[in-house]
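Enquirer: The structure that follows is given in the form of structure tokens.
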Amino acid sequence: RTHVDVLNTCSSFTEAHRAAAKCSAQLLSKIAMNEDIVDLIVECGAVPALVKQIQTPPLLAESDPIPFEYEVEKACAFALGLIAVKAEHQQLVVDAGALPCLVNLLKMHKDGCNSREMNGVIRKAADAITNLAHENARIKTRIRTEGGIPPLVQLLEYHDIKVQRSAAGALRTLAFKNDENKNQIVECNALPTLVLMLSSEDVTVHYEAVGVIGNLVHSSPNIKKDVLLAGALQPVIRLLSSSCLESQREAALLIGQFAAADSDCKVHIVQRGAVPPLIEMLTSSDVQLKEMSAFALGRLAQDAHNQVGIVQSGGIVPLLSLLDSKGGPLQHNSAFALYGLAENEDNVVDLIKTGGVQKLLEGEFIA
């Protein structure tokens with residue numbers, strides 16, 4: 001309560017006020033890291049007090065330097081983001097007027113300044129937007145109407161890699177199951193930069209980028225075509241062999257989505273080397289990775305030449321072994337892939353020789 005009072009009373013750009021506000025905002029953000037205490041912080045009126053500090057107070061004179069520039073705003077944005085982790089507080093933060101302020105913080109790089117502090121405040125603002133929008137359709141739309149998408153797309157090309165990553169994370173959340181947001185992200189010309197990010201050596205960058213593209217493509221055939229035209233196919237295939245499990249999973253899901261586009265695309269995916277890493281994934285210890293790779297192979301196996309190619313690359317045995325799994329979706333995806341392979345007469349002998357008939361007759365199928 002004391003820290004909230006400080007934030008409410010220290011409303012000018014004097015050094016004393018800024019120093020006190022910085023100290024209280026930092027302490028509140030540290031306390032907010034404990035999810036059990038977040039409700040208490042909210043009850044003490046922290047949200048409007050924090051929002052007040054990310055608005056721009058009047059300067060003493062236009063030429064005056066701002067004490068603790070960006071530091072107060074960074075700590076406040078960080079605290080608001082932590083509060084927004086709890087779904088029940090998301091609307092409260094928005095109702096307090098946080099969104100236009102956070103969007104303004106995203107645009108700070110246009111001032112021409114470049115400092116660690118400025119990078120930090122932009123990153124925390126993007127992270128706060130991510131947390132506010134998480135599984136909240138209304139707030140996702142509100143962020144778009146407040147003008148949040150264009151600055152986030154611009155930040156994908158920012159010189160600081162952590163800022164790039166946070167901007168991609170926010171776009172990934174905003175694109176999930178929101179067609180208008182997807183369209184605006186594409187209209188803002190995000191695709192060329194996202195495709196470049198897929199080839200980043202930084203694991204966290206390509207993981208976020210493939211996640212954004214995956215959410216853009218989902219249930220959007222037109223965007224799927226745009227993504228392929230932007231050159232995403234080969235970098236996504238390369239990510240099937242990534243050291244990052246999450247990137248592999250996202251890439252496999254994306255290959256499955258690309259494979260549904262048209263027959264030509266299915267053939268191109270196989271020609272470009274996707275099948276061996278997908279088959280290797282079938283023996284992974286990660287259930288979701290196996291599920292996604294079986295899904296992708298099932299889609300690819302809707303083409304006659306691919307059916308033979310998948311068998312030739314050793315796909316039958318691991319797919320048959322996955323019929324013994326205890327997960328319905330994994331069993332289903334494997335059975336669907338085998339159904340595609342069995343459609344081709346060239347594969348029948350291999351299916352019988354590897355014990356496929358017995359597996360199909362004796363298996364315990366959940367779904």
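Every residue, even glycine, has its Cβ placed from backbone N, Cα and C.
I grabbed these lines from TrEMBL:
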REPEAT    97-147  repeat 'ARM'
DOMAIN    124-320  domain 'U-box'
REPEAT    147-182  repeat 'ARM'
REPEAT    189-231  repeat 'ARM'
REPEAT    273-315  repeat 'ARM'
REPEAT    314-356  repeat 'ARM'
Enquirer: Quick one: DSSP breakdown of the repeat 'ARM' (189-231) into helix, strand and coil?
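Expert: Across the repeat 'ARM' (189-231), the residues distribute as 31 helix, 0 strand, 12 coil.
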Enquirer: Looking only at the repeat 'ARM' (147-182), how are its residues distributed among DSSP helix, strand and coil?
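Expert: Per-class counts: 26 helix, 0 strand, 10 coil.
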Enquirer: Is it possible to list how many residues within the repeat 'ARM' (314-356) are helical, extended or coil according to DSSP?
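Expert: Summed by class, the stretch gives 34 helix, 0 strand, 9 coil.
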